[in-house]
Ligand SMILES: Nc1ncnc2c1ncn2[C@@H]1O[C@H](COP(=O)(O)OP(=O)(O)OP(=O)(O)O)[C@@H](O)[C@H]1O
Ligand SMILES: [Mg+2]
């Protein structure tokens, strides 16, 4: 038996956030805050100083309002996002697997995709009332649309040779679906989740600006009425941080679930 | 004709509408004996992959018949192992899980599956990579893994579509020797497509030369060289003579047509 020998080359796993990157990001943030501070100290703008914002943030955190608002916004996002994704994935698979399902569903998806979710709000409020339902519904729609499109894309772009390779090893349609289509399209689905979560978060804040009695968007809108700039800043910072954390969580999940993927 | 393992009987494949479509293969008649290695060469687009995919059951015939063990091919099956040019390893499975894929479908239990997979991985020199993911393998290692995966389900026919095409010359020669070595221990019927005339002659009992537009049989060249094949065979004048005949059959014909 002729056995070719290979050198076992182990390459270090490529990390997106090497310590070096992290240092740069921290430095960049610190620099930005420094510039902001300089601008307010010099009286160049009417912006509140970083300290005023930090003080207000601590106040709001201590009296619990910040947590209540955060919880209200997060709850809407999570319910809408989970519902939207859970329904989108099987729908996307259906569209990718059955031609008829694709022909029936795709026009609707394409149509609603070009309407900004916020434009649905007036209709949702009129038909569903002013409580949580219309807000959750638009978030659901935002999350659903991005996940359904990416799942469907994932299924139709599965390399035909994987399917053929499975078939010649004796796989039937069920096996091909569960053991080839699903794993092969997972990276696409996770990208859809990431985009969906981003647009769900953007949508919830905007929806709260228009019609809500709680949430970070609502708080900002209230603060605007009283010209309360520090509170507006606190809300903005909270929205940014929470959005970033949610995005990181999805990215981690993605790297963990698709560690087998070749990354460029 | 009872000894022929694979038979093409006026096998014709037309892609698209019967009158206006592309005739990929026209009236192919060919018998491949049990345990024989045939290689298929010919210009690009002459229907080599088409012929092989009909045996694999991945394509159906437009007219005529393709028989394996005297029975018409109705679809893919584990009795015919296929090795694709693009390796087609499942990237989400480890090397061992890839080899176990077909065994699992046969309902083999976990321990036996693992033992069998490791046996075939050892045969292709990949035992120490059994828990690695395909992304960490070189092209040659991926192809050896694909070979182990095809062997593991114990097919009586091996269909290989330019399996070594993407590899460097040195790796290719090693894998040719390895293929012959494995074949000599366990004689399967092999249908092997290649662009490389040397490779075609080196591993084959017979070289099938196809012509293009429409794809059809051009010539069958008997390779009257002794087994086991080795460097002495590869460098012998007899080898060169056969190689030149195949070369002329492939390229001269093409030049005339152009
Ligand atoms: N799915 C398909 N639909 C339409 N035409 C096809 C299809 N597959 C192959 N053909 C056509 O059939 C002919 C033969 O194709 P085939 O893939 O069998 O060639 P080949 O000999 O394997 O070529 P190569 O050496 O480039 O791999 C070509 O003209 C090709 O364009
Ligand atoms: Mg081909």
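Every residue, even glycine, has its Cβ placed from backbone N, Cα and C.
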Of the ranges A:136-155, A:196-215, which one does TrEMBL flag as transmembrane segment?
A:136-155
Where TrEMBL places transmembrane segment among the ranges A:2-20, A:21-39:
A:21-39
Distal contacts, the transmembrane segment (A:136-155) - CB-CB under 8 A, six or more residues away:
76-77, 79-81, 83-85, 87-89, 91-93, 95-97, 102, 106, 109, 112-113, 117-118, 120-121, 124, 128, 181, 184-189, 191-193, 195-197, 199-200, 202-204, 207
